[in-house]
Ligand code: AHM
Ligand code: MG
């Protein structure tokens, strides 16, 4: 049972039996993420103070400028998970290829792979706007004792055994699920402990917030244009409020608490959308569904999409159930 004010450490131990393959391994994995998140949080918090800002000069595989803190966060999460020998493989939005981890005595016998976006929304750091980390955990599908292969990473989101995010906001929070609801823990920075502050989080069934980069309106598919016009119409509880931070974790987090929909559609510029199926959409989709919300590519459930490549992008419609259903209706009618 989730008890408010319980520390994350206590919560992990108390709830590890809920997990059907319980072996303590997943708990240790979540623990490692908790630890790495503290280290990254410390660095993100002093981003305005130290000379760590600015592009590192490298471009990541998507051809975008990589900020120094992206590189840092990527290293911290990979090192923490590697050194603790908990996972058999990691794929990161910041790495071109997946990383194989042989584990204890080079036996390749760890069960889980982690997919991670170490610092999402990092273009917001320079302007002191919240950023986040998104993670996703799967059981490997290839036999234990052999090195991981691409098949272990290219699993549909429905196979996720855990997913979560960290929001480095006005306070730092870890929100995660192992398939038994979504719980949110807030960091008390004075003592470095996360406490359960948001037990069993739920998306309101409907809401009045829509989050989309309307600057791209002209490039949106007709269904999204029609849905936006619907949101703006003076009728019933509309017009809705438009709120867009440009940091997926923060936009999602607000919408989960207040009720809303986040949309990053395909556009004429980005025909597959912008967000990555494996590092961003699948974990957020699992959390959304666990919290009673929905996640779709406009036509079908995100979690059922069979991935074909590590850095695959996908249109993303996510949030309160009724709002996502309504947006899907507009997409279907505009087809
Ligand atoms: P990133 O992984 O390069 O940080 O990009 C993902 C981010 C999301 O957090 C955010 O919702 C979106 O990109 C914003 O994109 P845009 O500036 O095109 O609206
Ligand atoms: Mg990202």
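Cβ coordinates are placed from backbone N, Cα and C, and glycine is handled just like the others.
Unlike curated records, TrEMBL annotations are generated automatically.
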According to TrEMBL, 120, 121, 122, 123, 213, 244 bind substrate, and the residue from 79, 102, 274, 300 that belongs to that same site is 274
For the Mg(2+) 2 site that TrEMBL gives with 117, 120, which of 236, 280, 289 also belongs there? 280
Mg(2+) 1 site partner of 117, 119 according to TrEMBL, chosen from 85, 93, 94, is 93
Nearest recorded site to residue 119 (Mg(2+) 1 binding site) by CA-CA distance, among binding-site residues 213, 244, 274, 280: 280
In the domain 'Fructose-1-6-bisphosphatase class 1 C-terminal' (204-331), how many residues does DSSP assign to helix, to strand and to coil? 56 helix, 22 strand, 50 coil
Remaining residues near the recorded Mg(2+) 1 site, that is with C-beta within 8 Å of the centroid of the site residues 93, 117, 119: 70, 73, 74, 92, 94, 116, 118, 120, 122, 133, 134, 279, 280
Including all protein chains shown, what's the count of other C-beta atoms within 10 A of the C-beta of residue 274 (substrate binding site)? 19
Of 117, 123, 244, the binding-site residues whose C-beta sits under 6 angstroms from any atom of ligand 2 are 117
Cα-Cα, residue 274 (substrate binding site) versus residue 117 (Mg(2+) 1 binding site), nearest Å, comes out at 14
Candidates near ligand 1 among the binding-site residues 119, 213, 244, judged by a Cβ under 6 angstroms: 213
